[in-house]
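So the structure is just underneath, and the comments pick up after that.
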Amino acid sequence: RMKPVIVVHGGAGRIFKEREQGCRTGVIRAALQGYSVLKQGGSALDAVQEAVRSMEDDPHFNAGCGSVLNEKGEVEMDAIIMDGKNLASGAVSAVKCIANPIKLARLVMEKTKHMLLTDHGAHLFAQAMGVPETPGEKLITQRSLERWKKNLEPDSNPEEFQKDLGTVGAVAIDSEGNVACATSTGGLSNKLVGRVGDTACIGIGGYADNCSGAASTTGHGESIMKVVLARLILYHMEQGMSPEMAADTALDYMKTRVGGLGGVIVVSNSGEWAARFSTKQMSWATVKDDELHYGIYAGERHTKSVDEALASGSEGF
């Protein structure tokens, strides 16, 4: 039997000093919650969903509550989940007024013959599935509102703010050796209404295949789409590269080919993992062998036992 592993990210980009603690705490909490699913014999699929749900509910991240606003001042969210066992996947794009898009993506995967539902159709499906509606304003934080207003000013440069992206994601392998990925985001600040980024697209925002492993991506969506980043990483692993080498190679290609920056988390089908990024920062955490590792800056890696981490609670980091 495999030793279960989970890796999570809270988005690649620039993490402002005053938000650092919250991002660190959030990814650690998500990793521990996902790992507890795996420890109890749960599936990789359930573990990544649980980890991502935890971050959607955390206003520090650009997913679920805390999502950035589109040009009209609304929250429109994208999410994907994928099962490495049979390549089943479910995704939603441009969804509004639900707290946890990742749960809706899972329902698309399990309750329809489709893989991606968008906007109004996703809304009708959510209603049919009895998913409770959350008033749109409940998902909007003061910070997202202030940023939106700032970006509306004539001399503003939303591109400058895009560096502070906060897509969230998780990858895992369970004791059966199945891998899974999940990714969720509010997208780009002040984006056009109806913009769909990398997150909802299979092979781009995430990919999972028991034959190689699982990856979840974050960063500049349009660049990630151009190189089909998640699948590219797994392709490199199929060619014999380690997760770390595959991630670095793909990120480097994206940077040189299209000038795009981003980050990725990866787990291989043998339980090796990596968290790599070409941006200044990416909050990440992983649990393997009852050890928690986490960091935000390049080269930063802290280690604690899971027991110690749980005992110290989320304040202890």
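Think of each number as a place in line: the chain as shown, counted from 1.
Note that Cβ sites are derived from N, Cα and C of the backbone, with glycine treated the same way.
Here is what TrEMBL says about this protein:
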- THR167: active site, nucleophile (ACT_SITE)
- ARG195, VAL196, GLY197, ASP198, THR218, GLY219, HIS220, GLY221: substrate binding site (BINDING)
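A Cα-Cα distance of 10 Å separates ASP198 (substrate binding site) from the residue listed as 'active site, nucleophile'. The candidate set comprises the binding-site residues ARG195, HIS220. Of these, HIS220 has the most other Cβ atoms within 10 Å. When other Cβ atoms within 10 Å of the Cβ of GLY221 (substrate binding site) are tallied across all protein chains shown, the result is 29. Across ARG195, VAL196, GLY197, ASP198, THR218, GLY219, HIS220, GLY221, which the record gives as binding substrate, the greatest C-alpha separation is 16 Å. A separation of roughly 15 Å, to the nearest angstrom, links the Cα atoms of ARG195 (substrate binding site) and THR167 (active site, nucleophile).
Summary: among the binding-site residues (GLY197, GLY219), the fewest other C-beta atoms within 10 A of the C-beta are counted at GLY197. Cα of HIS220 (substrate binding site) to Cα of THR167 (active site, nucleophile): a span of 10 Å. Taking Cβ-Cβ distances under 8 Å and a sequence gap of 6 or more within the same chain, the neighbours of VAL196 (substrate binding site) are ASP78, SER93, ALA94, THR118.
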